[in-house]
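If you look up TrEMBL, you'll see B:31-52, B:73-97, B:109-131, B:138-158, B:170-199, B:229-248, B:309-325 marked as transmembrane segment.
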Amino acid sequence: MTLRIRGVRKSFGQVEVLHGIDLLAEKGEVLAVVGANGAGKSTLIKILAGAQPASEGELWLDGERLDLRSPHDAHEAGIRTVYQELTLVPELTVTENLLIGSLPRRAGLIDWAAAHRRAQELLDELGFGAVRATTKAGRLSVARQQMVEIAKALVSEPKVLVLDEPSAVLAGSDLDSLFALVRRLQERGVIVIYISHRLAEVAALANSIVVIRDGTVVATTTPAETDESELIALMAGRRLERIYPDRRPAAGDTVLSVRGLTRAGEFEDVSFELRAGEIVGLFGLVGAGRSELAHCLFGDTRPDGGSVRLDGAELQPDGPRAAIRSGLALVTEDRKRTGIVASMTVRDNIALATMRATMRGPLIDGARQGARVAGMVRRFDIRPAHSAAMRIDRLSGGNQQKAILAKWLLAGPRVLILDEPTRGVDMATRVDIYRTVDELARSGCTVLLISSDLTEVIGATDRVLVMHDGRIAGELDSAGATEDQVLARSIGEAAA
Amino acid sequence: MTSQTAPPPVEDERRTPRRQLPRLVVGGRDVTSGVGFVVALVLLVVLAAVTTENFLTEQNLTNLLRQMVTVGLLAYGMLVVILTAGIDLSVGSVVAFSGIVSAGLVADLPIPLALAVGVAAGIGFGLVNGLLIAGFDLAPFVVTLAALTTIRGLAFVYSEVPIAPEDPGFFTLGTALAGPIPVPTLIMIGVFVVGGIFLTRTPAGRAIVAIGGNRETVRLAGISVKKHLVLAYTISGTCAGLAGVILASRVGIAQPSVGVAFELDAIAACVIGGASLAGGRGSVRATLGGVIVLSLINNLLNLHGVQSFWQQVLKGLIIIAVIIVQRRSMGERA
Ligand SMILES: Nc1ncnc2c1ncn2[C@@H]1O[C@H](COP(=O)(O)OP(=O)(O)OP(=O)(O)O)[C@@H](O)[C@H]1O
Ligand SMILES: [Mg+2]
């Protein structure tokens, strides 16, 4: 069984984004596709998934030419896709999301007991037993939703499984389950197309690696023949000297002080201090309560106990508006649901939190707003360069992320909370983001960086707080910390 | 194990990519917004001019301009609400209430004041709708459906019989002409111009558009969703109040039963203009286009003396056809 992609081109309007892609994958092969944000990876897999038609080119599977006019056609052909963006219906249970269309029936009615049992069995078998089938999908953390997405693609075993950045939201043991799963599928002869920005896992999992740059395949290689820095250079078209900036000078006075902050069922007795000009990492496994803590600090949820002080003055939990006025900003972890307004332009999105900053009388001064936005598009190298007038959901995932960061930078925050800001962001862009965050910190802004990426949470920060099960389980100085130390605390093994 | 059938070389000529014109986004560049309408409008005008004798007469054209005012005003208010992913079903009833109250008050109050009270009633109803929807987190459909019957009832409670004020001053607003153009039409155009600027160039207008796209993102950006929802329904109520007063003044008689199903015309105008009932998408200019198309259809059917029930049937079919053409020209996925 061979999957062959030949000469695939794709244009949106007048702009061609894929310029003739050729790929070949054999039975039981894990083919990694890597490339910078906007290189065209997702576009390619959408074509393979039948979600978008190619403008030109051919797809062959098992010696047969495929004519995919819809996702349904792709399913029939045995191609299953897990998209970069979550697609679950939040109001439905996990069971319904998984088995919709094939819910077991008895006497014409849905047999719920059997349905939940089947869904749970499927999850357990895949190593995602932590997810309960009876939960509503919208109540699950992003990581657990991702597991359900993967399970959904495996309800019936596909010939080809396409995973678009499946690991972006997973960490720790969840990540291990995913890798184990991919290896099992591989043994059973499934072709796995694996897209990821995490090159270490690409090296560990893939049989072969295809590098795409600006819509063209620039290299086809194997993990044995290449290394990370070469891949990064291939993707970016330039060499990156270093990833993380120098450490910052000693931090200033305490800016934010959190005392005994508690929210039942989310986190408990959380205390820490953030000082001016410092970048503090917050690591923890899924479910440790990091995002919940972030939302609470941002005034989005009310704590059950404890206090947050900004410059010594108690911060009232009066909603995001008040928090922003006090100088807080939050980049949330779920880009699609809480990060972007998909129906609006990049410009509208970037300006959203600061519309009143460029007023002339009662009206927004379009020229000034445009200039501010253009400055951000340049600063973050948001692509395409003329994207300000484009709908934001036409941008690649990584570029959307940059736009969200830009939105909050315009607000000039004193304390910036970043929840997984480099999720789905390519290496070169990450470096840009680390540099920007570093510049911000050097100019006195305080940054709380929530991340599931161990290397990043140590490399890009001055200190690391580790959360375990809703509590702060340890604090480490980034300068001397090792990944093992951080990980051990996050699973509650070592004392602080 | 695999048949290594070498796929034939790519020979088929370059398939031209499917034409994808940018969508109509408020504030976005509307380069293509004209195309669909211009075609529809030209067709309708030619059809009307060729098949009827009276279409191009001054009297008919003036009439046409006057008649589009009600649906026009309602459509702008409706657009604002639709942009937030809401709906306002109560506007037809507000038209009746505002009209009959202002007509009724003419006996006791100076005319401008009587008219102002009619508009104020619309503002009040819109405000209540908005407060209920935003404050109690109720579904717009349900709240405004309840308002539809409540306000209709109030109109009849105020007066079961039509009121026809004797003071000729009452007719001035609805019948005055500025040159060849009826004053109400100018008011409507004013609402669209100011309303367009409001939606594209003020923070509140942008917030309303953004709320329909993703209210969570908007809330986390520090913008009050509730406040802007209330504002949106208040705008719709205001437009309906204004429409009611102008209509009563134009026909010279206010009926408690007037305005049934007006909300549907208003919604149709927005949708013909490319607005999405899911919110976040819609254009002021294109909605005005929708209003004109709708009015032309009405006018055409009237001139042909089509029986009124058949008019409804034909109008429904024509609206569907226009929407399909419109969507195609906007590159929407079929
Ligand atoms: N519907 C669309 N309309 C116009 N342009 C689009 C559309 N979808 C994608 N593009 C453009 O196609 C290019 C490739 O995007 P794609 O999403 O495939 O990138 P990617 O490699 O998956 O990036 P990322 O790593 O950020 O997810 C980008 O320049 C993007 O702006
Ligand atoms: Mg992508």
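Just so it is clear, glycine is given a Cβ too, placed from its N, Cα and C backbone atoms.
On a predicted model such as this, the values are computed, not experimentally measured, just so you know.
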Inset, instruction - Please indicate, using numbers and ranges, the residues of the same chain that are 6 or more beyond the transmembrane segment (B:229-248) and have a C-beta under 8 Å from a C-beta there. - result: 69-70, 73-74, 76-78, 80-81, 83-84, 86, 88, 90-92, 94-100, 102-103, 115, 118-127, 129-131, 133-134, 140, 170, 173-174, 184, 187, 191, 195, 204, 208, 211, 254, 258-259
Legend entry - Among the ranges B:109-131, B:138-158, B:170-199, the one whose Cβ pairs under 8 Å to the transmembrane segment (B:73-97) are most numerous: B:138-158
Legend entry - Other parts of the chain folded back onto the transmembrane segment (B:309-325), taken as Cβ under 8 Å at six or more residues beyond its ends: 36, 39-40, 268, 271-272, 293-294, 297-298, 301-302
Inset, instruction - Could you give the residue numbers and ranges of same-chain residues that sit at least 6 residues beyond the transmembrane segment (B:138-158) on either side and whose C-beta is under 8 angstroms from one of its C-beta atoms? - result: 81, 86-90, 92-94, 96-97, 100-101, 104, 125, 128-129, 132, 233, 256-257, 263
Legend entry - Intrachain residues whose Cβ lies under 8 Å of the transmembrane segment (B:170-199), provided they are six or more past its termini: 26-27, 58, 62, 65-66, 68-69, 72-73, 76, 80, 83, 103, 106, 111, 114-115, 205-206, 208-209, 235, 239, 242, 245-252, 284-285, 287-288
